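Taking it in order: structure first as structure tokens, then the write-up.
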């Protein structure tokens, strides 16, 4: 007996990330192989002809779990009775654009989508913000949907988490699955802090602390951090396009962990509300923390020791987020 279909929205649905993402969702990689889905695909009016092509392709995949596809440019259609909202579409940064101009454009988009969530979606909806600046866009959406619990909102730092895990794995010559408990702290920007002080690496059957496995402290404190922080820019430089395949995979990982929980003894990284955290991060930010998830509910991992090196990195990325938040809230008129 299959369950009732869940209603899953993807915004920016005619775009690059969605093109890599929609098949995974529709064939059961995210919500399970016995969970039917209804896909709601939102994009702006000029993109509707492109979206029609995406719909045709999804139909042509002949997927057993895909019950219905609804392409639209109308928020009242897209946000109705949602179980899951994956907000990918945002205003990209154009050449010569100031960060505050980018923020202003995105505040308008995510305020509108937050209002639509408030008005049309289920109060249990799980909202994942992917479009950049993801942390602050997520905060704006959450503030614009006051009756939806704040803990239902998260932003994507799983791509950074996966990048960090992979860099350590390649350095140690092991599969990425042998590396666990890396942490991304803070903003999904170049100030983020990929932290391996609590990371464990399985080398030939025994679990080692990351620093003992890698045996190169200078690399872990230097090039490793810079590589993860700058990886998005490096992909753009090489591909002339931003990360899409890896971003889509990270979205799937993030949502699957929300749905099914994190493995025992492991944590992942998510941008979530900073209230009542034990790491001295200012209140009222969407900030990436190490979390464990059970019953579709995350908890920040408590009691991790933070040395002075790490603390200064946590503070730097928090300062950037406070400034972003204050700029965004000024545009929001809050």
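The backbone N, Cα and C atoms fix where each Cβ goes, and this holds for glycine too.
Per TrEMBL, the feature active site, proton acceptor maps to 188. The NAD(+) binding site annotation in TrEMBL covers 43, 106, 130, 131, 132. The substrate binding site annotation in TrEMBL covers 93, 99, 132, 163. According to TrEMBL, the feature domain 'Lactate/malate dehydrogenase N-terminal' maps to 7-153. Residues or ranges marked as domain 'Lactate/malate dehydrogenase C-terminal' in TrEMBL: 157-331.
Positions of the features from TrEMBL, shown on the structure.
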residue : record                       : Cβ neighbours (10 Å)
43      : NAD(+) binding site          : 23
93      : substrate binding site       : 15
99      : substrate binding site       : 13
106     : NAD(+) binding site          : 23
130     : NAD(+) binding site          : 28
131     : NAD(+) binding site          : 25
132     : NAD(+) binding site          : 20
163     : substrate binding site       : 22
188     : active site, proton acceptor : 29
TODO: Give the distance between the Cα atoms of residue 131 (NAD(+) binding site) and residue 99 (substrate binding site), rounded to the nearest whole Å.
DONE: 14
TODO: Check the Cα-Cα distances from residue 43 (NAD(+) binding site) to the recorded positions 93, 99, 163, 188 and tell me which is shortest.
DONE: 93
TODO: For the domain 'Lactate/malate dehydrogenase N-terminal' (7-153), give the DSSP counts of helix residues, strand residues and coil residues.
DONE: 66 helix, 27 strand, 54 coil
Open item on the list: Between the Cα atoms of residue 130 (NAD(+) binding site) and residue 99 (substrate binding site), what distance do you get, rounded to the nearest Å?
Closed with: 17
Open item on the list: On average, what pLDDT score does this prediction assign to the domain 'Lactate/malate dehydrogenase N-terminal' (7-153)?
Closed with: 96
Task: Maximal Cα-Cα distance (Å) across residues annotated as binding substrate, namely 93, 99, 132, 163 - done: 25
Open item on the list: Using a 10 Å cut-off between Cα atoms, which of these recorded positions sit near residue 132 (NAD(+) binding site): 93, 99, 163, 188?
Closed with: 93, 188
TODO: Could you tell me the maximum Cα-Cα distance in Å between the residues recorded as binding NAD(+), namely 43, 106, 130, 131, 132, rounded to a whole number?
DONE: 16
Task: Whole-number Å value for how far residue 106 (NAD(+) binding site) lies from residue 99 (substrate binding site) (Cα to Cα) - done: 11
